[in-house]
Structures are given as structure tokens and as C-alpha cells.
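Features as listed in Swiss-Prot:
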BINDING   23, 86, 125, 454  (6S)-5-formyl-5,6,7,8-tetrahydrofolate binding site
BINDING   231-236, 250-256, 275-278  GTP binding site
BINDING   231, 250, 252, 255  K(+) binding site
BINDING   235, 256  Mg(2+) binding site
DOMAIN    221-376  domain 'TrmE-type G'
């Protein structure tokens with residue numbers, strides 16, 4: 001990738017629309033754009049940081065192609081810090097492709113996927129967590145996902161990491177000074193104090209790592225399986241959560257024989273709901289296959305709703321088996337059909353219990369709230385700057401492991417030269433999170449997941 005090239009790409013999604021945008025960036029962006037434009041009022045130049053009305057023309061034939069609005073962002077006050085020109089025309093794919101062709105004919109290069117954002121990163125306008133947030137913002141499916149991505153784009157992860165990283169740098173500097181100036185009047189940091197200072201770095205990183213479980217759910221969504229015996233109201237509950245009649249509901253046991261899936265937003269978090277076949281002993285081949293899929297869905301889910309019939313006076317043996325299995329994982333016991341009567345079947349199991357009526361809607365709001373509590377855990381939904389992808393999580397994990405190695409080394413009186421190796425191993429991953437020292441192949445992999453025009 002040559003940062004001196006001028007690049008072009010369509011910045012709006014594929015397909016027809018009212019407006020389409022073609023973006024040019026680089027040293028020749030303004031010059032090339034002017035060749036394709038006939039500015040209103042006879043203007044000869046694009047004024048920086050302004051929108052201009054113009055006619056789009058073929059530079060060779062002079063043919064008028066469209067009426068457009070052109071925005072010129074002069075460097076360094078642009079997304080990439082290069083000169084950028086954005087041409088907004090009518091959103092015909094043919095017309096947008098023609099604009100790109102005209103630019104390519106003047107020596108401009110087609111942008112690689114994510115190249116505009118990669119230039120913003122390489123030119124120091126954003127760090128790597130902010131670049132990842134651009135992608136997350138584009139791909140967000142809920143308002144809460146968009147809000148989290150916007151916080152990341154504003155530098156929330158970097159701001160949260162910076163004080164911790166600075167403490168580590170300061171500790172390294174003190175230990176280095178003790179070694180470099182051992183013959184001078186420089187005191188060596190006692191091992192006990194060094195261990196305490198490592199703990200001050202370790203604690204916030206451990207908390208950041210803890211919050212990844214919630215950050216991952218925000219980013220990827222949560223899979224929630226609804227399981228239970230036949231006719232306990234699983235499909236009715238599913239329809240209540242989906243807020244429409246998505247699953248077939250009848251009084252006949254075994255109506256649901258295959259998995260029914262739907263994605264809903266609960267508190268801004270995408271929840272992938274799975275309605276399953278009622279679990280029981282069955283000699284029907286089709287139903288047996290559905291029951292096996294139910295058990296697999298329960299095993300694969302992030303959260304399980306075990307639905308039982310609260311109207312039944314005594315709990316069924318299979319209910320207790322499902323409750324016992326669910327107690328070993330993240331689960332909620334739903335005592336349904338409370339409109340017909342209430343008989344608790346929880347029997348003291350250590351999982352949250354919510355009582356509902358899928359028919360009347362009673363308890364459904366409480367169920368949604370309990371699901372969100374289970375998802376949020378102790379990380380807290382209000383705290384900004386949490387990790388949202390595996391790359392960031394693994395780097396924090398690597399840093400924590402190196403800090404623990406440094407602590408162990410100090411406890412057995414290993415020379416500070418060896419301790420410093422562990423501390424540098426803890427610092428490098430923190431630099432990699434923001435992209436301060438990330439290798440080119442990793443950068444190429446990250447930015448290749450972006451769309452062409454971003």
C-alpha cells in the first residue's frame with residue numbers, strides 16, 4: 001500500500017438509492033475531482049470544508065452526467081488526514097461506477113478494502129481500537145451496539161488503558177535506572193514495592209478482561225435456548241419475547257419438532273432466541289430427531305430458559321433433571337402458566353426463578369429484566385471502554401500472564417534484568433491493542449474485513 005497514491009471507491013452500500021457517494025483521497029483528489037466537475041456560478045476552485053453544487057461531466061466529451069453535491073476536506077482536517085473529495089450523486093449503480101471509471105482514467109487507484117480507515121490509522125488520526133470501532137459502528141444492529149461503538153470510536157478503550165500502561169512504563173523506568181546506574185547513588189526498588197506496583201497494573205487489566213464476557217455479547221449477540229417438556233408453553237413464551245406469532249402453538253404435545261429461531265433486541269443487545277421441541281421419551285422418529293436437536297441447542301446456548309408448568313401440583317421428574325442440568329450453567333427457571341395456578345417446582349436449586357403467564361403476559365417484563373441481568377453480570381452496562389473482540393481480549397490475557405510471571409520472579413529474588421523481560425512482555429500487548437507496534441500482516445487482516453469505501 002502506497003500512502004502517496006490517490007485512491008477512489010464508492011462509499012455507500014451496493015444497490016440503488018436516492019443518494020450515492022464516491023470518495024477520493026490523496027494528493028491528487030481535488031485536481032482529479034475538478035476535471036469531472038462544472039461548479040455552479042462559474043467557480044474554478046473547491047473551497048475547503050464546504051459543500052458545492054456542481055454538474056458531473058465526462059472530462060473527454062463534456063457530456064453532462066448528473067447534478068451533484070461535492071464536499072472538499074483539505075488535509076489535515078479530514079477522515080484520513082489526506083485531501084478528500086466526496087461526490088454525492090443520484091444513487092444509480094451505473095452512475096456511481098461511471099464516476100469511479102472517470103477517476104481511474106485520470107490515474108487514480110481503486111482503494112483496497114478498509115484503506116481509507118487504514119490511512120486514518122497510519123496517519124495517526126485514530127488508534128487501532130478506534131479503527132475497529134468504525135467497523136463495529138457500521139455493522140451495529142441495535143442502538144446500544146451503535147452507542148458502544150461510538151464510545152470506542154471516541155477512544156474509550158485507549159483512555160481506560162492509558163493510566164495503567166503509564167504505571168507500567170514508570171515501573172520499567174525505575175527498574176532500568178536501578179540497573180543502569182547501579183554504581184551511582186541510585187536506590188534499587190525493593191522487591192516488595194515492585195510487587196505492589198505490579199499489582200496496581202494487574203488489577204485494572206484483570207477488571208478489563210472480566211468485562212469481555214459482556215462486551216462479546218454486545219458485539220456478537222447472545223444465543224438463548226428455550227427448553228422444557230412438551231406443552232409447558234415454550235412456543236407461547238417464544239412468541240411473547242418475539243412479540244409476534246412466530247412459532248406454532250397448539251394443545252397437542254410435540255407440535256414443535258424442529259428448532260425455530262428469531263433474533264430480537266433486549267435492552268439493545270441482540271438475542272438469538274431458539275424455540276426447541278419438547279423433551280420427552282418418544283418413539284416417533286421425526287420427534288426424536290427434534291428432541292436431540294433440543295438437547296444440542298441447550299448445550300450450545302449462552303443462556304438457557306428451562307420452562308416448567310407452574311400449574312402442575314407436583315414437578316415432573318424430567319423437570320427436575322432439566323433444572324439440575326441447567327444449574328451447572330447460565331440458566332433461568334421459568335415457571336409458566338401461573339394464570340392457572342401456582343406451584344413452585346424450583347426445589348431450592350441455585351438458579352434464578354421467574355414466574356410467567358405466556359397467555360396473559362404476566363411476568364414477561366420481569367423475564368426480560370432477568371435475562372439482561374444475567375447478560376450484564378458484574379461488568380456493568382454503564383461503564384464505557386470494555387473489550388469487544390477476541391484480539392483485544394487475548395492481548396490483555398497475554399499482558400496479565402507476563403505481569404504474573406514478573407511477580408513470581410520477584411518473589412524468588414530473580415535479578416531485575418530478568419524481571420524487566422517479563423515487564424516488557426506485559427507492555428508489548430498493551431501497545432498492540434492500540435496498534436502502536438502491531439505487525440503489518442495483522443493490520444492487513446484487520447482492515448481487510450472493512451468495506452471498500454471505508
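Cβ atoms are placed via backbone N, Cα and C, with glycine included.
A map of Swiss-Prot features onto the structure.
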residue : record                                              : Cβ contacts under 8 Å, 6 or more apart
23      : (6S)-5-formyl-5,6,7,8-tetrahydrofolate binding site : 8, 9, 10, 11, 84, 85, 86, 87, 111, 116, 453
125     : (6S)-5-formyl-5,6,7,8-tetrahydrofolate binding site : 79, 80, 81
454     : (6S)-5-formyl-5,6,7,8-tetrahydrofolate binding site : 11, 114, 116, 117, 134, 135, 138
Can you tell me the three-state DSSP label for residue 454 ((6S)-5-formyl-5,6,7,8-tetrahydrofolate binding site)?
coil
Enter the number of other CB atoms within 10 angstroms of the CB of residue 235 (Mg(2+) binding site).
25
In DSSP terms, helix, strand or coil for residue 231 (GTP binding site)?
coil
Cβ atoms near residue 277 (GTP binding site) (within 10 Å, other residues, all chains):
28
Expressed to the nearest Å, what is the distance separating residue 235 (Mg(2+) binding site) and residue 277 (GTP binding site) at their Cα atoms?
9
Reduced to three states, what secondary structure does DSSP give residue 277 (GTP binding site)?
coil
Measure the Cβ-based neighbour count of residue 234 (GTP binding site), defined as the other Cβ atoms within 10 Å of its Cβ.
31
Confidence summary for the domain 'TrmE-type G' (221-376), mean pLDDT rounded:
78
